Amino acid sequence: MRDQLPLSLRRICNPRVSSVRSWWQTVMTPKPPGPPDGGWGWVVAAAAFAVNGLSYGLLRSLGLALPDLAEHFDRSAQDTAWVSALALAMQQAASPVGSALSTRWGARPVVMVGGVLTSLGFVLSAFARSLLHLYLGLGLLAGAGWALVFAPALGTLSRYFSRRRVLAVGLALTGNGVSSLLLAPALQLLLDAFGWRGALLLLGAVTLHLTPCGALLRPLSLPGDPEAPPLNPLAALGLGLFKRQAFSVFALGTALIGGGYFVPYVHLAPHALDRGLGGYGAALVVAMAAVGDSGARLVCGWLADQGWVPLPRLLALFGALTGLGLLAVGLVPAVGSEDDWGGPLLAAAGAYGLSAGSYAPLVFGVLPGLVGIGGVVQATGLVMMLMSLGGLLGPPLSGFLRDETGNFTASFLVCGSFILSGSFIYLGLPRALPSCRPTSPPATPPPERGELLPVPQVALPPPGGPHSTLDTTC
């Protein structure tokens, strides 16, 4: 009877043939491409590592030149602090422009042009005849170049990774600490040997290496990318992301933290000098903070990718520890002589570096969960712009408090308070606080549309059975 059926019906009735056919269709169906989670992504991580070192790492060490600038131009610490503050603020305020240009033209040409502008800003500043020239050269021109390199490089890196995204971001951000570790004593040596003009001229040659770093940023197409780049400038900037409540909470907390986070970049070395340390002792303090910063970024990146603790909760925790670390730096007593290495200040700077380094990769690692992988480049630029508000306010306010009080103690206390306030705001993010419901571990790889975005709640049994632990202390 069965042999008399048509061939097509016999195949359907045969479960073995049906299962083999289903398996073959599954194998031959093309899978949508996703982040490679390696491969060329590690080259992009190396390029982002160099970009971070030649931007934030160089800015952190540049504070060693501020006393020489104040003496040469006979200006106050508040006036000279505007040089670094303008560069930092320009870098971050114009970062959405770098992201928008990257969305339209690709990250590779944008970063290459940014490297040329940064180098040109340092070279022209070496011939400055007034602080105004430094404001224009280092503050605006070099800052504009940095704005074109950081957000596109880091946003491109986030697109190359999924399961190991925070680790890759942490690896790239260690460029900040490694560069500070190398450039702080090297810059002090250049200042002693060639003066501030020669040092800026040589730094212009060093920052030109940003251009080949941009050439390594190979474009990558992913699911969810728009079919065509946005033509509307407002859409290219990604301002529509502020309509999402979670991103708005994140933006407010980040803006507050920016008011204090960058003060040590500018005034940690001058603070060490005020505490009685010599030039190389101050460089050692900066290097100690850089060592803690670099190591913590890798460890925290690995920890965050394990999924044991939600990223927003880690973000709030390490943000608060960073604020407490800066309070400790500000309360360290003065040393007896320049020959003293300042043990308490070194310890406080190391603790600050560990906490600040742990915070840094989480800021950018949490973005794909808040906005999805398609908007991560634009979100990175917006985050940089928000932090620029604090970057423009913090260092000049710190210099003003130093002029009024005679030391940087009040400055570090104020900036630590800003960071603690922003960390408190982070508690409004999804999963930042313990929940009274069972939670399952994050998917691997994490969803690319934003795993922290609101989704309908579905009652599912916990993965470990009915006796699984709850993510709560209720």
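Any Cβ shown, glycine's included, is placed from N, Cα and C.
What you see is a predicted model, and the numbers here were worked out from it, not measured in a lab.
Annotated by TrEMBL as transmembrane segment, the relevant range among 81-102, 367-388 is 367-388. Counting same-chain residues at least six beyond the ends of the transmembrane segment (408-429), those with a Cβ under 8 angstroms from any Cβ of the stretch are 246, 249-250, 252-261, 263-264, 267, 270-271, 274, 312, 315-317, 319-320, 322-327, 329-331, 366, 370, 390, 394, 397-399, 401-402, 452. In this chain, the transmembrane segment (39-59) touches the transmembrane segment (199-217); three or more CB pairs sit within less than 8 A of each other, excluding pairs fewer than 6 residues apart.
In this model, the domain 'Major facilitator superfamily (MFS) profile' (41-434) carries an average pLDDT of 84.
Counting Cβ pairs under 8 Å to the transmembrane segment (341-360), the stretch among 110-128, 166-187, 315-335, 367-388 with the most such contacts is 315-335. When Cβ-Cβ distances under 8 Å to the transmembrane segment (280-303) are tallied for each of 39-59, 134-154, 166-187, 247-268, the top count falls to 166-187. Proximity of distant same-chain residues to the transmembrane segment (367-388), defined by a Cβ-Cβ separation under 8 Å and at least 6 residues beyond the stretch ends, is recorded for 35, 88-100, 102-103, 107, 147, 150-152, 154-156, 158-159, 165, 222, 224-226, 236-239, 241-242, 244, 246-247, 250-251, 254-255, 257-258, 261-262, 311, 429, 446, 448-453.
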